[in-house]
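Everything below concerns the one structure shown next.
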């Protein structure tokens, strides 16, 4: 096995393990919420900031798109495939970990849409983390955090692929003679 193949296997293993662990946490917290909050009760955790309230959300973030649940579900399928492919193709462990959390979040909510469906891809996501202005779940937290981390990686110039790495090397080589001339 070459060094490059070994690094690829490591990234794939990390992606799979992080995504699986995150997905398990998401699904266990939703199972707890459905069992503990099924009678419509609210549990106050931090008064004014966080409570647990069970909500079945047919839409996307903040309940948007509740009339187009199947479209949201199809987009989630596409997102899961794209995130898995990107997570395996990247050369960066940082990108791989961030993408694994995004994948776990997208897949966690997609699982809800399939398991709690009124028809083909017409299900509802289990939300229970009530912030007062929004109700979400652990998968939503993964998606938000992954999004922030991905933006940071882009802004930091973290190479995603070999092409990015080569372009960065070429740019640094081109800027060195300019620096030497000054």
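Heads up, the Cβ atoms here are built off N, Cα and C, so glycines get one too.
Matching 47-67, 68-88 against Swiss-Prot, the residues noted as transmembrane segment span 68-88. Cα spacing between residue 127 (active site) and residue 140 (active site): 9 Å, rounded to the nearest whole number. Residue 140 (active site) falls within a helical segment according to DSSP.
Within 10 Å of the C-beta of residue 140 (active site) there are 21 other C-beta atoms, taking all protein chains into account.
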